[in-house]
């Protein structure tokens, strides 16, 4: 069997005006050997061909397309190289000659320059007309040639020249507009670079040649070429182009990175987990291509009508000449002019483009916002949605469970043994609850052994089963009891407050254990619900969790749900979706897991959580949410409604323009040049109107990135987001404050970190362990105040709300030392020695009372961050950069952090500042009333951090 080498090639085909050229391209490509499949995307004037390069080259395809005068050229590596930046020489020369012909009023021989203008500009139109006739097709080029010929025959040379010039220049403008409309999508499809660097050798290779489990290197500023897992190093990654995430995402060892995202800082090595063609960005591009090539119901209707429109108009125009000629009317020239106006109006390009261009722009906007809509029909249906149903776990809630309590109910089974059986069985499940149980087991020194589990089974909506050490173990909700052979679940005193999820463990037919898990709602969910309500859309929650957990989520969201159904099996969800479709109308279902797949498939629109969701959910969903921010859902519905309005506007523009020209002609003013201008001008207006979908209706501030520093810097940053303080969605609240600087207070601009204070002169060990020297470290507190105020010693200032006293930046020093015998710590600080910083004190001036901050325990890698919980609602993120501390920065561990305060606080916090920083803004900043070192603190008002002592 002959070998094959299949390649996907992209071609820019500027000769595509509307869908009427698609059959021509199909006939050309179908007649060529080596073509496996192809698609034609009319709005972007793109042809995508999968072909065998051993049989058919790209240049052979270009040659075949250009024989039909389609102006095709190869697009290199999926990028758009627009070649018509300027009008063609034919149009330029024709325009100059036409302009000179108007001097005929001064010197009559100049009128012949109009004929020269026709000759100069007609060639490309004539060539396309001949190519169309050769294939027995009637298009706008043939109609224009006939019109120009008839006009010259009537000695209207100037009008003929105007027709030729307007047609050529308008086509150029249309191609420019089409390029602008498709440029965003082309950049999306060419996100991933074509080359990668092998970490071990430094060799640069083609991405297509990379195999899985190859370790590659990615430097700061480079685009990650392929999906993988970080092996070494850490960095921040800009995932905006892929997920719509507004802020950089920190990546540490074992973090997943995606092709097409940008490494903003740091050096990482990545172990590849997919081939180039199987990367998320490649699948994303394929889905977008398929969606662009699909048609809405409206578009199919218009295309069907256009098949009859052109022949009917041509027949009418012939009648306008034939009937007056047969009747020998005295003003035959008027009727010929009228017939030519009608003839030029026979091309319905503007009407045909009205739907696909608007759809194309909407799909492009969605894709660049982290929403993949798999087809044009789904976009049209999305605009009609009346009710949205949500799964709870992993969709409304984070799906990041924590085991709060685990009990053994059998005297014959120890807690250690039960936890071993449960965690070993759960380690074979992909459910987020399973991961929480496994983590809990390891935290109490129980190591699961999944290889010891036999006959593992999953029961969707109920639980799992596995056989281990001869024991049959069932784990799940109440329904799992029937699988274990029990008819009912005994009443057990289990804490279900706070919406905890209860899990039951059966060993054989005996209820051997019970555990509860806690989960929390995602940030932004309440906002998403509010926006859906404002659109007149009802909301339902369908969950397999217990009623208590479901109602707790309902309470957290302010009773936003119109319908709440709990303890549902997958088939129950599907039946409820059918019921909602009958009673409410078009229904959307949002889910992320295996249990949601039937409901996603049943709904009119299935929306799956893409990158985080299961593979099956992603395949089942009609729309893929690339991030976990469900605020994208109301955005998608708004976009679909805007696209629907644009389609209506485009149709109205097309019909109105044609109707106006015909009405003018029948009123006694048959202007042929106006008819041509209306035809090509309508196409241009339709494209420009549709491009408004690509613009952001609500402008946001510029995104800014934290500057990395080679020195040891600790950044304490205020998190302003949802009430939960969650930065996961990457979107800050839109707060308008006249005292705020541009980009602050809810926008995305951050201030630059200050330079570190002068460090110790001895850097042999950076002040760590063996020498016990101290390093100076700068802490920068970011704020949203209008202007820095440098006050002298002993001066007090108010919060940000004060007119003249605004916190700006905070500089403190961190002292680090190592103890020879740290209490309760196993790992050393540097070089593996048993010297570990184990306690930190934060002295914060101007607090009435000490505020406890819990930042968790465990190693803090360079570049890692942790959430600091203040008293009340406020939260802060502590960013750790420890380049200068240890040769092995991963050994630096933070075990506790205490806040000290003095009694100088004169609370003067304004309500606006409390809005920014929680229930008490003095927890974020303190009043300045303390002495300084050689440099003043340029951050006054609410809370100057004074000293962090690492002992």
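Please read every residue number as a count from 1 along the shown chain.
For all residues, glycine too, the Cβ spot is worked out from N, Cα and C.
Pulled from Swiss-Prot:
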- 391: active site, 4-aspartylphosphate intermediate (ACT_SITE)
- 592, 596: Mg(2+) binding site (BINDING)
- 841-851: compositional bias 'Basic and acidic residues' (COMPBIAS)
- 7-73: domain 'HMA' (DOMAIN)
- 841-866: region 'Disordered' (REGION)
- 1-83: topological domain 'Cytoplasmic' (TOPO_DOM)
- 129-135: topological domain 'Cytoplasmic' (TOPO_DOM)
- 179-304: topological domain 'Cytoplasmic' (TOPO_DOM)
- 354-647: topological domain 'Cytoplasmic' (TOPO_DOM)
- 692-951: topological domain 'Cytoplasmic' (TOPO_DOM)
Spatial separation of residue 596 (Mg(2+) binding site) from the residue listed as 'active site, 4-aspartylphosphate intermediate' - C-alpha basis, Å: 7
The average per-residue pLDDT within the topological domain 'Cytoplasmic' (179-304) comes out at 82
What is the number of other Cβ atoms found within 10 Å of the Cβ of residue 592 (Mg(2+) binding site)? 25
Which residues of the chain, 6 or more past the ends of the topological domain 'Cytoplasmic' (129-135), have a CB below 8 A from one of its CBs? 24, 27, 67-69, 141-142, 144-145
Let me spell it out: for each of the recorded positions (391, 596), count the other Cβ atoms within 10 Å of that residue's Cβ, using every protein chain shown. Which one has the most? 596
What DSSP reports for the topological domain 'Cytoplasmic' (1-83) is 25 helix, 26 strand, 32 coil
For the topological domain 'Cytoplasmic' (179-304), the number of residues DSSP places in helix, strand and coil: 43 helix, 35 strand, 48 coil
Looking only at the topological domain 'Cytoplasmic' (129-135), what are its DSSP counts of helix, strand and coil residues? 6 helix, 0 strand, 1 coil
